[in-house]
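Student: As annotated by Swiss-Prot, FAD binding site applies to G15, A16, G17, H18, A19, G20, I127, S182, Q373, with the evidence given as sequence analysis. Annotated NAD(+) binding site per Swiss-Prot: 276-290, in sequence order.
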Amino acid sequence: MIYHFTEEYDIIVIGAGHAGVEASLAASRMGCKVLLATINIEMLAFMPCNPSIGGSAKGIVVREVDALGGEMAKTIDKTYIQMKMLNTGKGPAVRALRAQADKELYSKEMRKTVENQENLTLRQTMIDEILVEDGKVVGVRTATHQEYAAKAVIVTTGTALRGEIIIGDLKYSSGPNHSLASINLADNLKELGLEIGRFKTGTPPRVKASSINYDVTEIQPGDEAPNHFSYTSRDEDYVKDQVPCWLTYTNGTSHEIIQNNLHRAPMFTGVVKGVGPRYCPSIEDKIVRFADKERHQLFLEPEGRNTEEVYVQGLSTSLPEDVQRDLVHSIKGLENAEMMRTGYAIEYDMVLPHQLRATLETKKISGLFTAGQTNGTSGYEEAAGQGIIAGINAALKIQGKPELILKRSDGYIGVMIDDLVTKGTIEPYRLLTSRAEYRLILRHDNADMRLTEMGREIGLVDDERWTRFEIKKNQFDNEMKRLDSIKLKPVKETNAKVEEMGFKPLTDAVTAKEFLRRPEVSYQDVVAFIGPAAEDLDDKIIELIETEIKYEGYISKAMDQVAKMKRMEEKRIPANIDWDDIDSIATEARQKFKLINPETIGQASRISGVNPADISILMVYLEGKNRSISKTLQKSK
């Protein structure tokens, strides 16, 4: 095939949502020449659904993206209108930050970053076709018949792939927020031999702030104590003048309106065929599935400082517009609310993720990567996490460097990608803390400790950031050593002070570290005995020290499990393995192995339907193969 390339790039990223911007920024910062193509340049890093970043598990992902050198955390720290630490009454493994965003300002701030990035070209154009020769990506073709050469292509199209918006009996071709749908590219991905699924998501109506009666709702303020997503943000820049959210509820009248109109609900009439998100169901789905519930929470979330639009979180729906209006007016505080936008469902094509490697490159086509909702996930944070990994690995592939694969013990991003490529997904995938078996070591307070060194090695962490990280790490290490070296003895003077502070007296000599391990003892209590550290420690380092010491036993057990799994991950499975050549494995295991083609014993062991006996047989088979290869090599000598 002869192509007429008018421009040449190392990497072309299709789609400028949260996955696309992270992918393009990472690759360009690693020295690649990148084109970021978007259907609508005004929607770069736009939030078509909830105006927030973070939340349970998701907030940790944002910090992981930041630790690797990504941009989401920095941008939300510049544009939030409220910041809140969730689950403060629970253990450290499930705590996470959540920010209400000024969604318009967030998009503008991210666009400024993209436009000013060296090696990165931003262009409004529709990509209709990915050009492939001999199983390798060579470029793309646009709707205006322009051909651009590329060594790698990253598809981050979100819900635009053959997108269709549904409101009642109205159904029309559209991407998110009524943008153009990408039809030809959806056809092209099928023609390239990729297996395609069909998912659905939805969004609630927006109401006018000045028409809400806030007096009958419950205020939900942000935190006064400073917190940030990015490790580069400063406490002195923390926004004090935050915008509150408000809590209200559905009621019996609301539920009756929905029940009386289920015959008009696309979810139940067969109009919606795509699979929806389990953990973010529509309000009509909730009313049917949880019929015993008298009410459901609804949060009224402002979409920014300079807009009247308020997002009604928890009221996602595709009911007809007249029913939505009645439903809104049945809710306390919204009796006279003006609906500014109608809620809708959107169906879209996605690439079944078992076809991907852990680098997010497709197994079928060399140089073709996918990330974000294209892979069947939901959420801006999940998209950003995949985007930065796809961008990094596309750049590393072009540069001939070793790939970056995050393990499940490295971060929630690693958990998510492993789940996708190993287990696949039959519904929009959402990250949850329960998905991570090592969640006690994958906390919000240690993402930089886990991943900054990786970011530095691949070239995404600059000298200033690295110096700050080294200072923090040294302060942490030095204080941990100090606490382990100083002893508190059960002498009269010490015990008098211990009892005065309300603690049980010492019976044996203990280190300061052991004393801090007591649940009721804080770091400041220990300092009262041993004096402060040589350097001033900020609250974040103190929090990290306390968590590491108080949960040391559990963390140690988790690290033992990580070591065992690492040994399994190091046992590679040949890419050309003949699964039919292995005797005695169960039929289901053989079928799953053929479908997913696991790359390591560890990955094979996590495939649903594969049992320990199948793994044992596989290991025996591989050991036999290795012995026979060794014998052949010895004979040839």
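Backbone N, Cα and C atoms are what each Cβ position is placed from, and that goes for glycine too.
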Student: Express the distance between the Cα positions of K286 (NAD(+) binding site) and Q373 (FAD binding site) as a whole number of Å.
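Tutor: Roughly 23 Å, rounded to the nearest whole number.
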Student: Here the binding-site residues are G15, G276; which one has the lowest number of other Cβ atoms no more than 10 Å from its Cβ?
Tutor: G276
Student: Around I127 (FAD binding site), which residues of its chain at least 6 apart sit with Cβ under 8 Å of its Cβ?
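Tutor: I12, I14, A37, V140, R141, T142, A143, S182, L185 - these are the non-local Cβ neighbours of I127 (FAD binding site), listed in sequence order.
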Student: How many Å separate the Cα atoms of G17 (FAD binding site) and V288 (NAD(+) binding site)?
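Tutor: That separation, Cα to Cα, works out to 33 Å.
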Student: R278 (NAD(+) binding site) has how many other Cβ neighbours within 10 Å of its own Cβ?
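Tutor: A count of 13.
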Student: DSSP secondary structure for I127 (FAD binding site), reduced to helix/strand/coil, please.
Tutor: strand
Student: When you measure from the Cβ of A19 (FAD binding site), which residues in the chain that are at least 6 apart have a Cβ under 8 Å away?
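Tutor: Expected: T156, G158, A371, G372, Q373, T374, A383, A384, Q386, G387, A390.
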Student: Between S282 (NAD(+) binding site) and G15 (FAD binding site), what is the CA-CA distance rounded to a whole number of Å?
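Tutor: That separation, Cα to Cα, works out to 26 Å.
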Student: Which of S282, Q373 has the fewest nearby Cβ atoms, counting only those within 10 Å, among these binding-site residues?
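Tutor: Comparing Cβ neighbour counts within 10 Å for the binding-site residues S282, Q373 gives S282.
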